[in-house]
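What follows is a short report on a single structure.
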C-alpha cells in the first residue's frame, strides 16, 4: 500500500538542457571529462592524505572529507546524467528518484558544513596558533566530521516523506537530469506550503548559517592579520587561506546564483536555470582538487611525490 493511499507516477522523465536537445549528445563528452577529473582528482587527494605522513594534519583531514563528499556527489548524479546525455534514457523510478534527491541535498549540505569546519581551522591557525595542536586534535576533527554528517542526514530525512505525501498528477517530467526537491514538489497537484517552508527553514538554518559563520571567521582573521607588523608575514598568513576562499567561492557563488534565478528570474530562459544548477553541482567537485593541489604547497608536493613513486 502506498503512503497515505496517494498514487504516484511509476517513473519520472529527466531532462537534459531545454532547447538544446539536439546538442545533448555533444555535451556528453565534456561531462565525461568533468566526471573523470572530479573522481580521479579527488581520489588522488584522498590517497595522498592517506599515504603521506606530512599531510596528517587537521587541514588535510578536512580536505579529505571535502574530497570524499565531492566524490559522493559525483557518484550520486553520474548514472542519470550520463544516461540522459549519452543514451537519451530519460526514465528514473519514482523511489530511485527520492533516494537520489536525498543524497544530492545531503552531500551538498555536508560540503557546506565541511567548508565551515575548514574556516574554523584557518581561524585557529592564524588567530590562536599556539593552541592549534591542542584545539584541533584528532578526536575533535572526527567529532566535527560526525556532526556535519549527522546534521545533513537527520535534517534532510523528512524530504522523501514530504514528497511521498503529495499526489503528483500534473506531469512526471523533471527539468533536470537528476532529482531535486524543488523540482519534484512543483509537479504536485496539492498544497506544497509545508515543503516550501521546511525547505526554506532548512536552507537558512544550515547552509545560510554556515555562510554567515564563514564570513565572520574571515572578518576575525583579517582583523588578526592587520595587527601583524610585517607586511611579508601578513601576506604569508593570508596566502594560507587562498585555497579555502576559492573553494568557498566555487561552492556558494553558483548556489546563490541558482537561488536568485529561481526566485527572481521568471523571464530567464529555462536552459539558464538548468545550466546554473549544473554548474552548482558539477563545478566544485572538479575545481576543489585542482585548487588544493595547485595552491597548497604541502598537498602539491605530496601528490607529486606519490605519483613519482607510482611511476617508479
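Backbone N, Cα and C atoms are what each Cβ position is placed from, and that goes for glycine too.
The feature transmembrane segment is assigned by TrEMBL to 25-49, 61-82, 94-120, 140-163, 211-229, 241-264, 270-291. If you look up TrEMBL, you'll see 41-292 marked as domain 'G-protein coupled receptors family 1 profile'.
In this chain, the transmembrane segment (270-291) lies apart from the transmembrane segment (211-229): fewer than three C-beta pairs between them fall below 8 angstroms, excluding pairs fewer than 6 positions apart. Same-chain neighbours of the transmembrane segment (211-229): 112, 115-116, 119-120, 122-123, 126-127, 237-238, 241, 245, 248, 252, counting only residues six or more beyond its ends whose CB sits under 8 Å from a CB of the stretch.
Averaged across the domain 'G-protein coupled receptors family 1 profile' (41-292), pLDDT for the predicted model comes to 91.
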